[in-house]
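Undergrad: Below is one structure. I have some questions about it.
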Amino acid sequence: MAEPKPEEISHPPMDQLQGLEYCIDSNPSWGEAIALGFQHYILALGTAVMIPSFLVPLMGGTDDDKVRVVQTLLFVEGINTLLQTLFGTRLPTVIGGSYAFMVPIISIIHDTTLLSIEDNHMRFLYTMRAVQGALIVASSIQIILGYSQMWAICTRFFSPLGMIPVIALVGFGLFDKGFPVVGRCVEIGIPMLILFIAFSQYLKNFHTKQLPILERFALIISITVIWAYAHLLTASDAYKHRPELTQLNCRTDKANLISSAPWIKIPYPLQWGAPTFDAGHAFGMMAAVLVSLIESTGSYKAAARLASATPPPAHILSRGIGWQGIGILLDGLFGTLTGSTVSVENVGLLGSTRVGSRRVIQISAGFMIFFSILGKFGALFASIPFTIFAAVYCVLFGIVASVGLSFMQFTNMNSMRNLFIIGVAMFLGLSVPEYYREYTAKALHGPAHTRAVWFNDFLNTIFFSSPTVALIVAVL
């Protein structure tokens, strides 16, 4: 038996991952780049549809309102992605909607002044304007921290040891968006998960004209197959006598997007009317902006490794945060109903496809803008059941989390102090938000429940975020 090679026994620490086909500045052919860009666009649809689908009905909005919000969110996502890849960090990152803003936005929706409006359409408009005003004010936090280079000063204290739990929990912290959602419709969720893993890992050596087509396009191929399968189940009335929740998660005709979408609609600033400003609403939203800032910092570092780029310097991270603040300002002006952050699932897709090209992400931004204007076509793709996206998240969030764990090679893992910091930060990063989730589900309000609503929103938003809790614990 041959002696094992030295590199098979131990591996020296490496700043850049190996085995990537295209790095940040190397580009595939135009045809392949367009197909990969469309794949990133399809993946970004999951969050872009999920957030408005949950929030708009709570505000009293109709299906027409929901479609307009989805279109607006995709349109601004495309603009923000272009700004970030051209002028910000210039990393291949999609800037999408953020779940971190859900807590303060739901708090605004439940404001007694807004709930007292009897007409549902007027309540929707006034709530939207209140959210817009809060986003516009809160965006100043990232703009100031970014362009003043204050965030650059802060990031110098973020050693690889402190970044391990933060980046890992950017992925692990979204576990509730994975298999718990797949379990709502196992007949399409499980096949999607198996098919995606099979294409991307077991059949990745299948080549067509020297192109690993099944590995490179595993997402779009598996989504097409399972979407067609789900449509077949829907058309054959397989869910006719199933509970309403099951139908909502399994059927392809429950989103009510295609029929409600206009053929052509260009989103524009202040389309919902003039924003309204409230100090309490804005203060709660500032916590979400801080959470978005921390989560994005971790995502930028993960994207740099998956794009085979050098680790982003502090001033580049700070500049990226500044442009992200501009993005949140645009969210407030256009009325996207949520703020911006780096799309974690799209970062994971860089690793799955082994293509970290910036051009591919810029093409995906073009698709977002194009299909948000052509409403019917965009709504067709947006009708994909969210369970299908959740199955893909199980893999892509895991890839981002493993990138965080890969930073362990830059630290001394034989030190008990380092083991203590990483272990405690990761455990509390998972455990504290889970406590907040369970408490909120039972009591219908967060653990922070004083008469000062802005204070409650601030604390509940901060401790709902796994990377934020991990950063606080690890740095301190």
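Cβ atoms here come from the backbone N, Cα and C positions, even for glycine.
Pulled the feature table from TrEMBL, pasting it below:
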- 38-57: transmembrane segment (TRANSMEM)
- 124-145: transmembrane segment (TRANSMEM)
- 157-175: transmembrane segment (TRANSMEM)
- 182-201: transmembrane segment (TRANSMEM)
- 213-232: transmembrane segment (TRANSMEM)
- 360-382: transmembrane segment (TRANSMEM)
- 388-407: transmembrane segment (TRANSMEM)
- 419-436: transmembrane segment (TRANSMEM)
- 458-475: transmembrane segment (TRANSMEM)
Undergrad: What parts of the chain pack near the transmembrane segment (213-232), using Cβ distances under 8 Å and only residues at least 6 beyond its ends?
TA: 32, 35-36, 38-39, 42-43, 188, 191-192, 195-196, 199-201, 203-207, 250-252, 349, 352-355, 384-385, 388, 392
Undergrad: With the transmembrane segment (388-407) as the reference, which stretch in 157-175, 182-201, 360-382, 458-475 has the largest tally of C-beta pairs below 8 Å?
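TA: Checked against 157-175, 182-201, 360-382, 458-475; highest Cβ contact count belongs to 157-175.
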Undergrad: I need to check the long-range neighbours of the transmembrane segment (419-436): which residues 6 or more away from its ends have a CB within less than 8 Å of a CB in the stretch?
TA: 161-162, 164-165, 168-169, 172-173, 408, 413, 446-447, 460, 463-467, 469-471, 473-474
Undergrad: How about the transmembrane segment (38-57) and the transmembrane segment (458-475): at least 3 CB pairs under 8 Å, pairs 6 or more apart in sequence, or not?
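TA: Contact between the transmembrane segment (458-475) and the transmembrane segment (38-57): absent, because fewer than 3 Cβ pairs are under 8 Å.
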Undergrad: Residues sitting near the transmembrane segment (157-175): Cβ under 8 Å, six or more positions beyond its termini, same chain?
TA: 99, 294-295, 297-299, 301-302, 344, 348, 393, 397-405, 407-408, 410-411, 418, 421-422, 425-426, 429-430, 433, 465-467, 469-471, 473-475
